[in-house]
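Asks: Pulled the feature table from TrEMBL, pasting it below:
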type	residues	note
BINDING	Lys131, Gln194, Gly226, Asp257, Lys400	UTP binding site
BINDING	His227	substrate binding site
Amino acid sequence: WGIFSCQLYPELGCYISKAGMAEFQEKLRLQHETTMHKELEKLLTTAKGAEQEISKKDFEGFKNLFHRFLQVKGPSVKWDKIHKPPEDLIHPYDKIKAQALPDSVAASLNKLVVVKLNGGLGTSMGCKGPKSVISVRNENTFLDLTVHQIEHLNKTFNVDVPLVLMNSFNTDEDTKKILQKYTHHRVHIHTFNQSRYPRINKESLLPVAKDLGMHGDHADAWYPPGHGDIYASFYNSGLLDQLIAAGKEYIFVSNIDNLGATVDLFILNHLMTQPKDKRCEFIMEVTDKTRADVKGGTLIQYDDKLRLLEIAQVPKAHVDEFKSVTKFKIFNTNNLWISLAAIKRLHEQNTMDMEIIVNPKTLDGGLNVIQLETAVGAAIKAFDNALGVNVPRSRFLPVKTSSDLLLVMSNLYSLDAGSLTMSKKREFPSTPHVKLGSSFTKVHDFLMRFESIPDMLELDHLTVSGDVTFGKNVSLKGTVIIIANHGDRIDIPAGAVLENKIVSGNLRILDH
């Protein structure tokens, strides 16, 4: 406990110096770390065959994260050191698009790899298995649309842009089965698995797992540690070196559920034509914030580097300021263009410093656990000559909920070669604001409530709550609010046109 002097702790009835307290805390940290290492060694003894080598590599990454987690004191940024990024580091997309594409665009494409983050399950939308196999448009899944897009690129420019899927232990097996259907498509598909880390008991700071098993009661003991794990797991898989040897230079990374994240030839050309002495190793696509995006991470300048600032890093007193659309005008779309050689260099030098996200969870049995995670964009500060590109909102079209699904299934968008584009018939470039109630959460229930997807070309806002169904060829315009009270049901009849309407109570049209 060190020297008893300096600082009074009344509840202990004694004096404890700051130095003594620091020494005590350091001993406690060392104790936690030593015990954790012993527990991980025990877990490794339960591994079978090749699983031991894979888990050993995973645990190295986890130990590093756990060590840093124990060291963390307070917010990772000092608020008064945060500055708006200089204008010359956030390039407007319009200027980039104004540059004519060179004849060598095919040569640039041949240096590109598309990576999709495919670790998520469809559970939040009531689906089993990988989220990427949910049908989103004309029976096409997220994965189908991605394969169509890249195949179209490869055929149009006579190039070989491979697709790489970063799976998790949750999605790997199912995804590999589904990939067999693309065997005859003109796109080479590779997969690698992100790490598998043990969930930590919040009280004891020890792993919940008793062995490396993944089935039954053990499934809850493990988690994939966020998309920041891409750098280490890509490197460990051997695929990074394989792609570099094949002449690939950059990856374009995005979430598989972002239907706006297609390969953009203008951004690719911009990346490839940066001056040799200022070769850009990282581009983050950002877009203008709306009220719906106030929690999204933003780009700042900090210690003369571009840096991603997430809401979790913001001191409580400044959260409202962070959410302000006037001070922080842009947010990260998680569409990233990253140099393969730079990933290799930074990983081998162990200089990829990403802030730790502590994600608290409660397991089914009521046990409180924590997951240590990182975000892929947080590594931007480690790369040389990083840039932001302020892209149109159309490049950020995530499908996280059934409300998002309604938008992408509607006539607001047309589908061409796997890419969704806003209909020219829509007068406003922004998408309508749609809020569907809990009766629509699961995809199966959502589909049962629409005989056909309504015409939404002139819609601004839609709120639906309660037991509501839509007949065929319904048209929604302006602001439409439909609320069925508890126990009531509203059936919107076929062919109905609702313009600036509030519908509430009980409405049923019966056939006779």
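Every residue gets a Cβ built from N, Cα and C, even glycine.
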Asks: Restricting to the chain of Gln194 (UTP binding site) and a gap of 6 or more, list residues whose Cβ falls under 8 Å of its Cβ, or answer none.
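Replies: Residues satisfying the criterion: Gly119, Met166, Asn167, Ser168, Pro224, Pro225, His227, Asp229, Ile230, Ser233.
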Asks: As a test of the contact definition, list every same-chain residue at least 6 positions from Lys131 (UTP binding site) whose Cβ is closer than 8 Å to its Cβ.
Replies: Gly120, Leu121, Gly122, Met125, Phe142, Thr171, Ile256, Asp257
Asks: Tell me, how many other CB atoms lie within 10 A of the CB of His227 (substrate binding site), whichever protein chain they belong to?
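Replies: So the Cβ neighbour count for His227 (substrate binding site) comes to 23.
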